[in-house]
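Engineer: Have a look at the structure that comes next, please.
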Amino acid sequence: MKPRNQTRVSEFILLGLSEETNVQPFLFGLFLSMYLVTFSGNLLIILTIITASHLHTPMYFFIFSLSFTDICFTSTTVPKMLVNIQMQSKVITYEDCITQLYFFLLFATLDHFLLTVMAYDRFVAICHPLHYTVIMNPQFCGLLLLASLLLCALDSLLQSLMILRLSFCTDLEISHFFCELNQILKLACSDTLLNELIMYFVTGLLGVIPLTGILFSYSKIVSSILRISSAEGKSKAFSTCGSHLSVISLFYGTTLGVYLSSAATPNSRVTAIVSVMYTVVTPMLNPFIYSLRNKDIKQGIQKLFT
């Protein structure tokens, strides 16, 4: 059957992770539980940082921003998935799909930039401790966050606007649980070469620059720590960036896993299942990493409840 172009698309069909009816209650319970844990865990980190005066430092300002971003990140996809399962409907309107795509790209890219800014913060704290308060002043921290947000907003706006120029075929089924950019491009009947060029160029640029910044910062941090003579000093220096290293490893590890799995198999459903790792699992685990590995956060949580 030859696909027919449509001048106006009103809705897409989100196939989700499984089409089996008996699996849907399990998926609903699983994702509802993970979403509630993600929301409450990150909210706890936010409230702890707000209420604990000893956490009003640049490092915890960026952890606060990361927790807020993680809440927004999961909220762009999981609630819609839960509603669709509960309502036994797989439909998402064209406008809602583009909106979901915009905010998903915005918060996913912002995660990358925040991890880079946090690596720079640790670099200044360990390699230039005497100038830390001067360099990482509140104005500069706010500027870093604002610049990251603006770049991410421009990127997601560009990618979303590029979708609007496409016409789509009669097959409007997205083999995913949210409106993922690659999956939307596969449904287009019109030429997507320009979209793909922009997507790979911008994604590569906004992916390589933050990762390069992280690698450079930690190469300098490791070099600086190795020059510390005492074992206690080395342990203390490593402990200040241990949580951040764990989050970076989890974030980039799951992202790389999704990329490799999508390259290894043409099955979109498998890619959708693997993508749960970085869209849901990683934001859910971040609060546990910071609360278990960070003594100041643990003290702040204890004060919050007492």
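Each residue, glycine too, has its Cβ placed from N, Cα and C.
I grabbed these lines from TrEMBL:
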- 41-290: domain 'G-protein coupled receptors family 1 profile' (DOMAIN)
- 26-47: transmembrane segment (TRANSMEM)
- 59-78: transmembrane segment (TRANSMEM)
- 98-120: transmembrane segment (TRANSMEM)
- 140-158: transmembrane segment (TRANSMEM)
- 197-216: transmembrane segment (TRANSMEM)
- 237-260: transmembrane segment (TRANSMEM)
- 272-292: transmembrane segment (TRANSMEM)
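Let's see these features in context: how buried, what's close, how far.
Structural biologist: Below 8 angstroms of C-beta separation, residues 16-18, 63-64, 67-68, 70-71, 74-75, 78-79, 81-82, 85-86, 280-281, 283-284, 286-288, 290-291, 297, 301, 304 of the same chain, each at least six residues beyond the ends of the transmembrane segment (26-47), sit close to that stretch.
Cβ atoms under 8 Å from those of the transmembrane segment (140-158) belong to residues 58, 61-62, 65, 101-107, 109-110, 113-114, 117, 120, 198, 202, 206 of the same chain, restricted to positions at least 6 beyond its ends.
For the transmembrane segment (197-216), the residues of the chain that approach it from at least six positions outside its boundaries are 109, 112-113, 115-116, 119-120, 151-152, 155, 158-159, 162, 181, 185, 248, 252, judged by C-beta separation under 8 angstroms.
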